[in-house]
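S.K.: Dropping a structure here in structure tokens format, bear with me for questions.
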Amino acid sequence: MRVTVVGSGYVGTTLAACLADAGHDVTAVDIDPGVVAALNDGHAAIHEPGLDDLLAEHAGERLRATTEYDGIPDADVTFLAIGTPSREDGSIDLGPLTAAAEMTGEALAEAGATTANADGDDRHLVVVKSTITPPAVGEIREALAAGAGDAADRVELATNPEFLREGTAVDDFQHPDKLVFGTDSDWATERLETLYEPLLAATDAEVPVVRTDPETAVMIKYANNAFLASKISLANDLGNVCKRFGLDAYEVMDAVGLDDRISAQFLRSGVGWGGSCFPKDVDAIRAAAREAGYEPALLDAAVAVNDGQPERMLELLDDHVDAAGERVAVLGLAFKPGTDDIRNSRAIPIIEGLQARGAEVVGYDPVATANTRERFPDVEYAESAAAALDGATAALVVTDWDEFAALDDAFDAMAEPVVIDGRRIVERREGLVYEGLTW
Ligand SMILES: NC(=O)c1ccc[n+]([C@@H]2O[C@H](COP(=O)([O-])OP(=O)(O)OC[C@H]3O[C@@H](n4cnc5c(N)ncnc54)[C@H](O)[C@@H]3O)[C@@H](O)[C@H]2O)c1
Ligand SMILES: O=c1ccn([C@@H]2O[C@H](COP(=O)(O)OP(=O)(O)O[C@H]3O[C@H](CO)[C@@H](O)[C@H](O)[C@H]3O)[C@@H](O)[C@H]2O)c(=O)[nH]1
């Protein structure tokens with residue numbers, strides 16, 4: 001199939017590269033010329049394992065990138081994978097997505113809806129990949145129709161939320177737990193089925209496909225993220241209780257996770273959830289619920305617990321060290337391992353808290369230093385974890401990069417061997433003053 005992917009960030013680039021790899025002819029559109037140049041050059045503007053290999057293989061062949069929308073009418077399907085950032089009140093800013101939907105509609109209108117596809121069909125399917133609330137579906141449909149003008153009746157909107165995780169985006173996309181198709185017609189569902197067919201054929205697993213309406217589909221995405229984020233918050237809440245009792249929350253939750261109804265995943269307590277999705281999406285569905293007259297008390301509590309974890313980590317530091325004027329290492333800056341993304345990373349409140357205490361912060365991350373430097377230009381950045389620890393009075397472990405588990409002698413170079421572990425990645429050992437956040 002011929003596919004256009006509008007928006008080439010974490011989701012759009014992964015989608016474009018994986019669809020090209022599955023045999024489709026893909027055009028990636030982005031307003032950022034730097035992103036487009038990188039894609040045409042065969043590499044991503046973001047760090048995501050496996051993505052560059054796919055881009056190097058398909059760029060210039062089955063995958064092209066452009067800043068222009070004018071090729072859209074030649075495609076069988078157009079995906080919108082534009083960011084949906086939070087506004088001040090937590091609701092999503094639909095501005096960029098609405099603009100992209102309208103421009104997509106205009107491109108289709110200019111070509112008189114669409115050129116006929118191989119099967120002679122002149123309807124065009126526009127699929128929202130972005131995470132949007134149920135009421136927002138109507139707004140995007142209207143923006144698309146406004147752009148398409150007289151051609152609007154031959155343009156159909158569908159939603160197909162994405163469940164990939166950063167750091168494992170390619171693998172997650174190629175081996176999904178489920179696919180969710182939110183459509184208004186059998187025609188749109190069939191088109192999505194045809195599109196995903198080669199991907200599904202390439203996996204050994206039986207992938208459930210949920211066929212529903214566009215609004216339910218996007219609600220499934222919010223429910224999914226709200227559930228996972230709340231699950232971690234519950235593990236953190238219980239973990240904080242365990243810590244008060246001098247118990248190891250990991251021993252407790254490992255046992256709890258043996259219950260099939262609960263599952264062992266997303267029970268790792270610590271400094272909390274960050275990233276571009278959980279905070280934004282939980283805030284968005286809370287705001288949308290309030291707008292609709294419902295107070296989502298449990299989701300509010302999940303956010304409150306999460307917001308409190310970095311401060312709890314800093315309080316543990318205060319129990320051991322007066323950080324004022326001291327060199328304090330922050331190990332891990334990305335919101336999770338495997339990515340250079342620092343959006344809503346727990347490292348941000350940790351660094352701010354250390355700076356408020358007058359500490360000299362030295363940060364280290366294997367890939368997220370450049371992004372953090374933009375946010376905190378005054379912080380010192382080390383080339384290695386060992387260099388960050390050298391001479392430090394304390395270390396705060398914020399991201400569970402594997403390499404931190406292997407640290408050993410490096411702790412000997414600390415001025416005071418105080419380690420506050422927010423991710424249970426460093427082993428307790430003799431000579432370390434070790435504090436786990438919930439263990
Ligand atoms: N990041 C994830 O892991 C993830 C996973 C699932 C769903 N999502 C959702 O997918 C959506 C996209 O997220 P992302 O992380 O890929 O965003 P992103 O910010 O990384 O990328 C968005 C891209 O869109 C481009 N863009 C903005 N306006 C444009 C326009 N009018 N035309 C063309 N390009 C335009 C930007 O230049 C940018 O490259 C969001 O709604 C997000 O919630 C993200
Ligand atoms: O047991 C756990 C698991 C995760 N986290 C933290 O939770 C955050 C999010 O982690 P993860 O879900 O792995 O990363 P994301 O890339 O943000 O992926 C989430 O958000 C995406 C965007 O919506 C969804 O597509 C994914 O399904 C959903 O897992 C990170 O800060 C993790 O450190 C924990 O604290 N404890």
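Any Cβ shown, glycine's included, is placed from N, Cα and C.
Unlike curated records, TrEMBL annotations are generated automatically.
Pulled from TrEMBL, these are the listed features:
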| type | residues | note |
| --- | --- | --- |
| BINDING | D30, T84, T131, E166, K280, R343 | NAD(+) binding site |
| BINDING | F163, L164, R165, E166, K221, F266, L267, R268, S269, G270, G274, K336 | substrate binding site |
| ACT_SITE | C277 | active site, nucleophile |
| DOMAIN | 329-428 | domain 'UDP-glucose/GDP-mannose dehydrogenase C-terminal' |
S.K.: Checking your reading of the structure: which of the recorded positions K221, L267, S269, G274, C277 lie inside a 10 Å Cα sphere centred on T131 (NAD(+) binding site)?
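M.R.: Near T131 (NAD(+) binding site) by Cα: K221, C277.
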S.K.: My understanding is the cutoff is Cβ-Cβ under 8 Å with a sequence separation of 6 or more in the same chain; which residues meet that for F163 (substrate binding site)?
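M.R.: Sequence-distant Cβ neighbours: D172, P176, D177, K178, K221, N224.
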S.K.: Measuring Cα to Cα, how many angstrom lie between G274 (substrate binding site) and K280 (NAD(+) binding site)?
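M.R.: One finds 9 Å between the Cα atoms of these residues.
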S.K.: Taking ligand 1 as the reference, state which of the binding-site residues K221, L267, G274, R343 have a Cβ closer than 6 Å to one of its atoms.
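M.R.: Going through K221, L267, G274, R343 in sequence order, none turns out to be close to ligand 1.
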S.K.: Taking only the binding-site residues K221, S269, G274, which have a CB closer than 6 angstroms to any atom that belongs to ligand 2?
M.R.: G274
S.K.: Listed NAD(+)-binding residues D30, T84, T131, E166, K280, R343 - what's their greatest C-alpha to C-alpha distance in Å?
M.R.: 22
S.K.: Checking the spread of the substrate site as listed (F163, L164, R165, E166, K221, F266, L267, R268, S269, G270, G274, K336): what is the longest Cα-Cα distance, in whole Å?
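M.R.: The two farthest binding residues have Cα atoms 25 Å apart.
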S.K.: Name, in the order they occur in the sequence, the residues of the same chain whose CB lies under 8 A from the CB of K280 (NAD(+) binding site) and which sit 6 or more residues away.
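M.R.: Result: T84, P85, S86, I92, T131, N344.
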S.K.: Tell me the Cα distance separating C277 (active site, nucleophile) from R343 (NAD(+) binding site), rounded to the nearest angstrom.
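M.R.: Rounded to the nearest whole number, the Cα-Cα distance is 9 Å.
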S.K.: At the Cα level, what's the spacing in Å between L267 (substrate binding site) and C277 (active site, nucleophile), rounded?
M.R.: 18
S.K.: Mind checking how the domain 'UDP-glucose/GDP-mannose dehydrogenase C-terminal' (329-428) divides into helix, strand and coil residues in DSSP?
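M.R.: Across the domain 'UDP-glucose/GDP-mannose dehydrogenase C-terminal' (329-428), DSSP assigns the residues as follows: 31 helix, 18 strand, 51 coil.
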